[in-house]
Amino acid sequence: MALLGINLAPQTEIGPDEMQKGMDRLILEAAFSSATTALTSGVILTAFALYLGASNMVVGLLASAPFLGQLLQGPAILLVEKVRQRKKLSFIACTLARSMLLVMAAAVFLPRGVGLATVVAAQCLLCGISAFSSCPWNAWLRDLTPDRELGDVVARRTVYATVVSLGAGLIAAFTLDQPGKNSDFTQIVYCLLYLAGFIASLFSSWLVGRIPEPAMPPAGPRISLRGLLAEPFRDPNFRHLIRFLVSWQFAANLATPFFTVYLLRQLNFDMTFVMGLSIASQLANLLALRNWGTLSDLFANKSVLAVAAPTYILCITMMIGASQIEDRTMLMAYLLVLHVLMGFAVAGVTLATSNIALRLSPRGGSTAYVASAALASSFAAGTAPLLGGIFADFFAERRFQIMLRWVTPQSDVLVSPLELSSWDFYFLIAGIFGLYALHRLAFIREEGEIERRDMIQQMLHQTRRSVRSMSTVAGFRGATEFPVNMLREARLRTLRRKAIVRRNKQQSRKPKTKR
């Protein structure tokens, strides 16, 4: 008998009505899980750690824990293949992992050193146990969702997650702004935030238990973990994907986990402004996501990455400019624009990187493929902030300046147009690694990919379609639209013509046989 409508057993057949309800619950679940994440991680977790006296190394450790914890997906794969009940494993693991939020809520009342150690330990346990939830969850999602709807479902889930994260972020910013210098009240606020996150996680687990799971195909011969993880690496195209994901995750996570520390400590902004930047980024993410999802379904995830990834890397590098601006108003405007652009770009990157591993993996056997990509990505993403935290003090004592001197008979002017210090070095290094990641992206082959220029054109086309016409004269909006299928068909016709020309040339070069 199912408790609260929760049935953890896999199903051999799923009817259309039940499938639709499952899709609806899958999308709604994103709202509660994102509320948990918004209230207990990211900016909130970093601020919480700094409140407890965390060093840069501890901040780097907390940032790396979610990624390094995913390395436990290796044993999780064996467990999935042995138990073959992905829903049960995911439900139990995510519920146990999120119980650590109660420990973190209580840690704020402990002495500073003990409380910080408790938060770090609880975060590591939460991330480690979560690996046994995310591995079966990703493979379950791949088998449940039809290919033609995968991009739309992922996009809708992310839209729900962004909307809820926006609301939760506003609430968190307001509550954290109230205590002022009252340390006792600040303790209560952090405790309430983590309690609220725990309650939201219970609703998330309840919805997970009510989503149907297609039964896994019959198990083949038992193989070792090494053999299971080696299978995706025998696919040349998937190897190229893994190389890109590793280089990309290292570049993106070398500097971005320290944005909060950079804004609070080096630029001396308050928590309200930092949270405001996060909210602006989420709004841009929300507005761009639907268009990215449509484009990934129509064309290819690689084409989305070819536009979104360079934009994101450029924005990280341009964070260097923030330390060069002295006027606070201009600085705030500059950071706002950068975060809006990053939100726009990260929407495409997140959607495409999540989707491309699923799309390049075979149906029914995606567990090893998805986990291999996740393991490689997690190692790179976890190593980057850990190294960043370790070397933070080293770069804090270094400074790089470019000095320009203009001497005239009347004056001697010395100007420093560029000065790098502390976190500025990380932004520059991240940009260099990002260029290498873009180089690796070129080797991936995915059906339906188009050139970057064409993808930008289609991105603008989708943006125009999503905005209602403000003119009182009907018909002008249609004049700006270019049918998507025409671009694809024209490209296919061009490729066919080139293939015919090559074939004719090859045939003309063949020597004619004498009769």
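Including glycine, each Cβ sits where the backbone N, Cα and C put it.
Annotated features, as they stand in TrEMBL:
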- 26-52: transmembrane segment (TRANSMEM)
- 58-79: transmembrane segment (TRANSMEM)
- 91-110: transmembrane segment (TRANSMEM)
- 116-137: transmembrane segment (TRANSMEM)
- 158-175: transmembrane segment (TRANSMEM)
- 187-208: transmembrane segment (TRANSMEM)
- 244-265: transmembrane segment (TRANSMEM)
- 271-292: transmembrane segment (TRANSMEM)
- 304-325: transmembrane segment (TRANSMEM)
- 331-358: transmembrane segment (TRANSMEM)
- 370-396: transmembrane segment (TRANSMEM)
- 425-443: transmembrane segment (TRANSMEM)
Tertiary contacts of the transmembrane segment (91-110), as residues 6+ beyond its ends and Cβ separation under 8 Å: 6, 8, 36, 40, 48, 52, 116, 118-119, 122-123, 125-133, 137, 187, 190-191, 194-195, 197-198, 201-202, 204-205, 208-209
Whether the transmembrane segment (331-358) meets the transmembrane segment (58-79): three or more C-beta pairs under 8 angstroms: no
Sequence-remote partners of the transmembrane segment (304-325) [C-beta within less than 8 Å, at least six residues beyond its ends]: 248, 251-252, 255-256, 259, 262, 266-267, 292, 295-296, 331, 334-335, 338, 341-342, 344-349, 351-353, 356, 417-421, 423-424, 427-428, 430-431, 434-435, 437-438, 441, 452, 455-456, 459
Candidate ranges 116-137, 158-175, 187-208, 271-292, 425-443 - greatest C-beta contact count to the transmembrane segment (58-79) (under 8 angstroms): 116-137
Dominant neighbour of the transmembrane segment (271-292) in 116-137, 158-175, 187-208, 244-265, 425-443, by Cβ pairs under 8 Å: 158-175
Close approaches to the transmembrane segment (244-265) from elsewhere in its chain (Cβ under 8 angstroms; 6 or more beyond its ends): 42-43, 46-47, 50, 56, 59-60, 63-64, 67, 271, 273-274, 277, 309, 312-313, 316, 319, 335, 349, 353, 357, 373, 376-385, 387-389, 392, 422-423, 426-427, 429-431, 433-434, 436-437, 440-441, 443-444
